[in-house]
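As recorded in TrEMBL, the features of this protein are as follows:
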type     : residues : note
TRANSMEM : 12-33    : transmembrane segment
DOMAIN   : 48-195   : domain '3-oxo-5-alpha-steroid 4-dehydrogenase C-terminal'
TRANSMEM : 53-76    : transmembrane segment
TRANSMEM : 88-105   : transmembrane segment
TRANSMEM : 143-166  : transmembrane segment
Amino acid sequence: MAWFLQELPSLLIPVVLLVNYVENTPLFIVHYFQRTLVYPFLMRSGKPTPFHVWVLAVIFCTYNGVIQGLWHLYFAEYPPNWFFKTRTFCGLIMFVCGMFINIHSDAILRSLRAPGDNGYKIPYGGLFEYVSGANYFGECLEWAGYAIFAYTLPAMAFAIFTICNVGPRALHHHRWYLEKFDDYPKNRKAFIMFLL
């Protein structure tokens, strides 16, 4: 429930602001539709979200929804052929691939625990064969693609914020896996295949 409520502003605000301008923000809305109305109901109950973390997430998602929505409503200008530019197409492909990686990786992580199981396991499959933070990589690829697709300052700022927020989490998780599991695959990178 905490996840649903914290993500809801990023879905509702742009939808309300942009009801007549949907050509500018479909990717943002698709992501937050999945994150708000699908993802929380697939999550297995785990540790409760600390209240202060939830409040900060609500503030961020509200701010992000307002900034993205207002920018698209008042400042973003898209010429009639903007969708057919190489940049736009590349951003769309990156977004779709990132979203697929993110959703697939989340499904792999969910499948690691049976109901009532509290133990930790090593994830295998998908991009987890190459990186410890496959879900984080997917999230960053998704928002980098969105920034290229939307070609706006708020979209770029959000992509950079996501990478700066999620990248260190991937590094932390990677170190934790290496310390926790003696048999953890030594060839896996933390966040970016073959590099980091």
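Quick reminder: no glycine exception, Cβ is built from N, Cα and C everywhere.
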Message: Within this structure, do the transmembrane segment (143-166) and the transmembrane segment (88-105) have 3 or more Cβ pairs under 8 angstroms, counting pairs 6 or more apart in sequence?
response: yes
Message: Looking only at the domain '3-oxo-5-alpha-steroid 4-dehydrogenase C-terminal' (48-195), what is the model's average confidence as pLDDT?
response: 91
Helix, strand and coil counts within the domain '3-oxo-5-alpha-steroid 4-dehydrogenase C-terminal' (48-195) (DSSP): 102 helix, 2 strand, 44 coil
